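What follows is a short report on a single structure.
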Amino acid sequence: MFSPSTVNRLEYMTFLTIGLSYLWPWNCFLSAVPYFHSRLAGHLALQQNLSSSLMIISTVTSTATFILLAFKRTPPAHKTSKVTKHTISVTESAVNSGEDEETVNYENRVILGELLIGAVFIVLAGSCVLFTNSSSGIGYFLFLLLAIFSSTLGTSLAQNGSFAIVSLFGPIYTQAIMVGQAIAGILPPIVSMLSIISSLSRDDDKPGTDEEISGKSTFFYFLVASLAALIAFTLFKLVLKTGPEEILTNTEPESSAVLLHDEAVHSYNSLLAESPTTANVEDDYDYDLEVLPSGRAHEVDPYKLILKLRVPIFTVFSVFSVTLAYPVFSELVLPVHTGSVIFNRNVFIPFAMFVWNLGDLAGRLICGSSKWVVRGDKNFIMYSIGRFAFLPAYLLFTNINGRLTNGGGAATGLSQWLGDEVFLVIHFLFGFTNGHLGSSAMMASPSYVDPEEREKGGSLMTLALSLGLTVGALFSLALVHILA
């Protein structure tokens, strides 16, 4: 669909790196859970509620920030979008009124967001080597909540701004952001595993405590997150200097950004970020609809639209309601086997995260072929309900809290037969079905509505996604208490 000769490599890599920087912070927090637990030693309640608390803070912050940014309204106006070497902004001059001109500067949102992400993780890296002897578990817990709040705020700002800007560059660069998000789901657990294994091997002759070993690896892990944000910031500034002099359009980028952002917002969750191949499923898809001018009046009844989209809305909501249980199981399932570095407790958690994200990526990639995309209301509903079967599968066949090995002893009987392989297979399939069903529902939703309804339809799908994330975070918190 796109000729390689028409793609600016610098711009493509810039948006890919920005997309990577979105999801990396969240995966940083998830993969660093073993280290956080070591810092919260002696505070069992805080340890048990850490992952769910991080998810709740992240979900609420991203949803609230997105609403404030996306649904900001200004007076009716003549709309002119400009991309220059020095600024990317939207100027709106009120018609027949004495109101002042308002400017929405998306460049500043991206820059502020990336700088905030980088600063947060530099502070987190510093916390791994400073004040490590502090006995205030509650203080450190509150520090982590403040860190996840700040990094999520930065992610939301950068995400909103970059999707407004990328809509002026073309759909191939939107795909670059999607690719970056997908990569971000895979790389952090790998970096975490390698850094921990490296620390273990270096300390063979000079054994240290688990906290010391995990602290070293987490320090470098957080520095990598800061570096990713710094690279994204640097490349973005470079694109502003070398990019197109000026692009004039009659669209309203604020609303265009809403639609593009709506289609990409899993952030965190990033769980629905489509691969480059998914855009080829429907060759007749009109990409111009993604930047449909909001200035054009649409008589769309939201209640009728909800009825039209009830199946994909239910599907996306159910996907995320159950999916956010995966970090809980990644944290609570203990390895059965011993004798290999991969079954070291500090390594096994990021390895489980990697397996889930690998399945999620595979599920999105398979949607690149139209024959594997889910179709039909009945199939969506049955598939959505069927995914809840993963919960009893985890409870019955995995070593949650060491119950199959008496809290971490030698594997015998049933636990030998089940092993860690069963858990990893279940975990992979849980991620695969998330990516497959979630992407299929998001890809199918435009076909449920008329062309002029697709913009509002995208907003409704995002609302379903956000509600699913919120319910999923609350469910995961309850799940921790149930399993404990």
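For all residues, glycine too, the Cβ spot is worked out from N, Cα and C.
Listed features, source TrEMBL:
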- 12-33: transmembrane segment (TRANSMEM)
- 53-71: transmembrane segment (TRANSMEM)
- 111-132: transmembrane segment (TRANSMEM)
- 138-158: transmembrane segment (TRANSMEM)
- 179-199: transmembrane segment (TRANSMEM)
- 219-240: transmembrane segment (TRANSMEM)
- 311-329: transmembrane segment (TRANSMEM)
- 341-359: transmembrane segment (TRANSMEM)
- 380-397: transmembrane segment (TRANSMEM)
- 417-437: transmembrane segment (TRANSMEM)
- 458-483: transmembrane segment (TRANSMEM)
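At the 8 Å Cβ threshold, with sequence separation of at least 6, the transmembrane segment (458-483) lacks contact with the transmembrane segment (179-199), having fewer than 3 such pairs. Most Cβ pairs under 8 A with the transmembrane segment (380-397) among the ranges 111-132, 219-240, 417-437 are made by 417-437. Looking at 12-33, 53-71, 179-199, 311-329, the range that has the most CB pairs within less than 8 A of the transmembrane segment (341-359) turns out to be 179-199. Taking pairs at least six residues apart, the transmembrane segment (179-199) and the transmembrane segment (311-329) share fewer than three Cβ pairs below 8 Å and do not count as touching.
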